[in-house]
């Protein structure tokens, strides 16, 4: 990862043949360290000021960089959960510990960062897209950010609270393989009807290519998103009925070594 300067393109680690991860459409092959740095870069509340073990040279836009917190005082942070005057009051630490796979201290760090970025206690879709766009200045990330926002907004109220945020993060980072695959399926199932259609997957692929932008190597061909969708369905649509169910999705992913490796890259990100 480039420590300073412009953000790396999603195509930086692409193989010379231009192949992609079958599940996500992203270039294959990032190391766990590289993925950790990229993931932390996408989560301002997990930036270098919040997690001292991450290099201080980690590039985070100044507008998104969280304030350097004072040394964590467990009692004072817990008081913030109970007495916060923000618009949305989060649930208590103990309850969030029971609902997620984060420790008390991890929740404290995540909450302080989330509150720095979202003083009101929630983030709406437009703010989410604005934050996300700053990590992909070479492309248009707005559509993909909308899909990602909807995956975090599980109760579909148009906002992501701290509870929503850590619930999704807990699945992505600490969930079982099945948990993570279910979360990914929900991301791709845009209308939440229990199956993925070619139209939905094409929308996802186009949004990923849009986010990557035109400054990629090798240059992307116009038909690339549709070709990726066809490849996806050839692998995932086991009964060839034109849709991919959650059962087909999980079964196909579990048989794909590349996908399984990509799932394991999220282990111990924070």
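Any Cβ shown, glycine's included, is placed from N, Cα and C.
According to Swiss-Prot, the protein has these features:
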BINDING   153, 155, 157, 159, 164  Ca(2+) 1 binding site
BINDING   189, 191, 193, 195, 200  Ca(2+) 2 binding site
BINDING   237, 239, 241, 248  Ca(2+) 3 binding site
COMPBIAS  1-17  compositional bias 'Basic and acidic residues'
DOMAIN    81-137  domain 'EF-hand 1'
DOMAIN    140-175  domain 'EF-hand 2'
DOMAIN    176-211  domain 'EF-hand 3'
DOMAIN    224-259  domain 'EF-hand 4'
MOD_RES   9  phosphoserine
REGION    1-33  region 'Disordered'
REGION    257-270  region 'Interaction with KCND2'
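Of all the binding-site residues listed here (157, 164, 191, 193), 193 has the Cα closest to the Cα of residue 239 (Ca(2+) 3 binding site). Residue 189 (Ca(2+) 2 binding site): 22 other CB atoms within 10 A of its CB, across all protein chains. On the 0 to 100 pLDDT scale, the domain 'EF-hand 3' (176-211) averages 94 in the predicted structure. Separating the Cα atoms of residue 164 (Ca(2+) 1 binding site) and residue 189 (Ca(2+) 2 binding site) is a whole-number distance of 18 Å. Taking Cα separation as the measure, residue 237 (Ca(2+) 3 binding site) is nearest to 189 of the binding-site residues 155, 157, 159, 189, 193. Residue 195 (Ca(2+) 2 binding site) sits 19 Å from residue 155 (Ca(2+) 1 binding site), taking the Cα positions as reference. Under 8 Å from some Cβ of the domain 'EF-hand 2' (140-175) lie the Cβ atoms of residues 43, 88, 90-91, 96, 99-102, 107, 110-111, 114-115, 118, 121-125, 128-129, 132-133, 182-183, 186-187, 190, 203-204, 206-208, 210-211, 213, 266-267, 269-270, all in the same chain and six or more residues away from its ends. Cβ neighbours of residue 155 (Ca(2+) 1 binding site) (same chain, under 8 Å, six or more residues apart in sequence): 164. Between the CA atoms of residue 157 (Ca(2+) 1 binding site) and residue 248 (Ca(2+) 3 binding site) there is a gap of 30 Å, rounded to the nearest whole number.
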